[in-house]
Amino acid sequence: MDYKVIDVLRGPSIVLLDALVSRKLLFPPISNLYLRFLFRTFGSCVTLCLFACNQTWLVEFYRFIAGAFILGLSTALQTCFVASSYYMYNSHHTPLNESVVVSVLNSTIHAETIPIYEIDLIVKSFFYLLVQFGLYSLFTSKYLYGSKLQQTKNSFGYFLTSSSTFALFINVHENLFTISTFTTLLPQFIPLYSAAYAGFTVILTQLPVVVRMAWQTLLVHGLPVFVQNMWINFRVPQVLRIFFIYR
């Protein structure tokens with residue numbers, strides 16, 4: 001039996017459907033029985049729609065999931081590490097909002113010992129900058145959103161990506177630091193938002209047409225022929241075999 005890429009791409013949707021139906025995928029915050037039932041029903045419908053997508057749509061979906069994961073890592077980096085270093089430096093340093101560059105220069109000129117928290121901040125700033133550059137490079141790779149960002153300058157994207165780390169390094173005002181955090185996430189957020197908006201637009205325009213065509217086919221040829229055509233067109237035997245391999 002021959003296998004194609006589309007069979008592998010459809011496999012995770014069956015795994016997710018199996019987890020929803022068998023109640024293996026439950027969220028502790030949802031304690032109400034009816035809400036859990038609605039969650040499983042909605043999730044099952046989404047996975048079935050995902051299973052019915054063609055290869056192009058599935059590739060775009062997995063690309064969006066990977067981009068959203070990278071954006072989540074970037075957000076965690078900004079909120080948990082960069083912001084915590086910023087507030088920690090201000091809590092140990094007086095006067096407030098004085099740049100670490102100025103502080104280091106003053107300590108050097110007056111032959112004073114540089115405080116350990118300032119050295120620690122400098123090391124962390126460069127480390128966070130390298131991590132953010134790595135996440136942005138991964139986000140703009142040719143397998144994700146590189147082809148969609150070729151119209152803009154990649155150098156400008158790297159400049160925006162480094163804004164929060166430089167704001168941490170020069171220790172700007174708190175409001176400017178907050179703005180720089182959003183600016184850092186902007187090069188990743190805009191492509192994801194554009195992809196999600198375009199996807200939902202196409203779904204809202206194409207889904208009624210697909211449902212109407214399927215309903216007409218069901219009325220004309222009957223349920224057995226309809227199920228048989230769906231079984232063959234969606235390559236269900238191949239996908240089920242890959243599903244058991246996943247398990």
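From the backbone N, Cα and C atoms, a Cβ is placed for every residue, glycine too.
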Q: Please find, within the list 105-121, 156-172, 173-189, the residue stretch that TrEMBL describes as transmembrane segment.
A: 156-172
Q. For the domain 'TRC8-like N-terminal' (8-247), what is the mean per-residue pLDDT, to the nearest integer?
A. 82
